[in-house]
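In what follows, a single structure is set out as structure tokens and then discussed.
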Amino acid sequence: MGMSMNVVVLSLFVSSLLLSVVTASDDGLVRIGLKKKKFDPNNRLASRLESEDRQALIASMQEKYGLHNNLGDHEDTDIVALKNYMDAQYYGEIGVGTPPQKFTVIFDTGSSNLWVPSSKCYFSVACYFHSKYKASESKTYKKNGKPASIQYGTGAISGFFSYDNVQVGNLIVEDQEFIETTKEPGLIFLAAKFDGILGLGFKEISVGKAVPVWYNMLKQGLIKEPVFSFWLNRNVGEEVGGEIVFGGVDPDHYKGKHTYVPVTQKGYWQFDMGDVLIGDKPTGMFLPMPSGIKEYLKLIRFCAGGCAAIADSGTSLLAGPTTVVTMINHAIGATGVVSQECKAVVQQYGQTIIDLLLAETQPQKICSQIGLCTFDGAHGVSTGIESVVEEGNSKSSGVQGNAMCPACEMAVVWMQNQLKQNQTQDVILNYVNQLCDRMPSPMGESAVECGSLSSMPTVSFTIGDKVFDLSPEEYILKVGEGPQAQCISGFTALDVPPPRGPLWILGDVFMGRYHTVFDFGKERVGFAEAA
């Protein structure tokens, strides 16, 4: 999450009350147990969020991204228990100051700063519903005063830097630089079950060049091994939401061995990912094709040759390129918003696109040849042409080039995929038309029928030399029970342009299924089946 607040926007909220219990276990680990009251499925704030708050998910992620093997002895590790908030938010407790003032925070591998609300936050309603840091009540507070601002999709939180001791589990990080927020706009902060954010990303993305908490843990010798790991409990009926272990790995949290991949770009925990499979079928990433076409597919944010991916504990869902997410939505029967531009391209130009592909026209030039894009030497660019789309007996017109060009480019990819599978032209046109119906909603959510989970396919991600499967029960978020239950797809579209993208964000949906190790010392990320 970090720069996104998407754990809030698409969180499926439920009322609960936390009670904190600190215990010392026989293995030398300190575990902070969190308990909750039984939730009321009828009290779900997410169902009442306005559309602009749902759309903030996409805007904020674009803002952000555009944008058994022990690694340490138990005596050298520290464990913080995490609270599972309806499979959408995981948060734990820290203390700031001396004596420690308690705050619930998201432990976020997608950002690097620590921030909590300040007692000087007077004019943001959200601050009055969360714990606030009072510098005057801390014996170890040190003034900094440097202004700070972090941009989110719905605005910026702002405040100023301060220094104080930070307690994480039984560890005390001294003189930690953090942000006291004095402005927290919007409903998303008001509705959040957490007070602040504790970033676990690399220092390269730290706002104000503040040294992250994790770095100071290592510098001050509080943990022996430069490793931390996440276990997220996806069973919402259990009291413990999960654990984050600093300084090592708890072997009880996973099965088998971890598959490790190197961090390819420091900042986020970013690595290279291979193909995405729907059932046992590839989405087209590695279909045989000339290198020039692969480069074209990358430019239109289709993962030819693989995508970059980020392991992000602060993101609830799985976010990826619209082209691939649409194919997944089609396979699982998810309904979003019908793309009129996509339908228009298929209806008016579908046969022409197939003919040009069969004539071995360069795919990157097809949409410019039929007049929907201009070709800049590498890929299509929107022409700004006017499009007229019929709706019943009325017509609406406007400059739709920005939508028609990418719709055409996606249609080219889908049709090429089907041609390589030797499908007939009628089958191809029908299939692409169905994909148009499954294009993700611009507000990020796609609903599915709760009774259809048994017929949905497995969706798999290739990481390193291993395929990681997600079953429908694992990638569908279910809220409520019985006829009132609502089921939401765990996949959302996010198109990140090169050179950063195309990009997949593997959030809590993935990390809940696979125990995740963040190996800072060896700059790698590891995944194993969660216990």
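Glycine is no exception: its Cβ is also placed from the backbone N, Cα and C atoms.
Curation plays no part in TrEMBL annotations; they are all automatic predictions.
Marked as signal peptide by TrEMBL: 1-24.
Among the features that TrEMBL reports, domain 'Peptidase A1' is placed at 90-528.
The active site annotation in TrEMBL covers Asp108 (among others).
Residues annotated as disulfide bond in TrEMBL: Cys121-Cys127.
As annotated by TrEMBL, active site applies to Asp312 (among others). Take the CB of Asp312 (active site) and look out to 10 A: across all protein chains shown you find 33 other CB atoms.
According to TrEMBL, the feature domain 'Saposin B-type' maps to 337-377 (among others).
Feature annotation from TrEMBL assigns domain 'Saposin B-type' to 401-442 (among others). In the domain 'Saposin B-type' (401-442), the DSSP tally of helix, strand and coil residues is 33 helix, 0 strand, 9 coil.
Cα of Asp312 (active site) to Cα of Asp108 (active site): a distance of 7 Å.
Long-range Cβ proximity for Cys127 (disulfide bond), meaning a same-chain Cβ under 8 A and a gap of 6 or more residues, is found for Pro117, Ser118, Cys121, Thr181, Glu184.
Around Asp108 (active site), a 10 Å sphere centred on its CB holds 27 further CB atoms from the protein chains shown.
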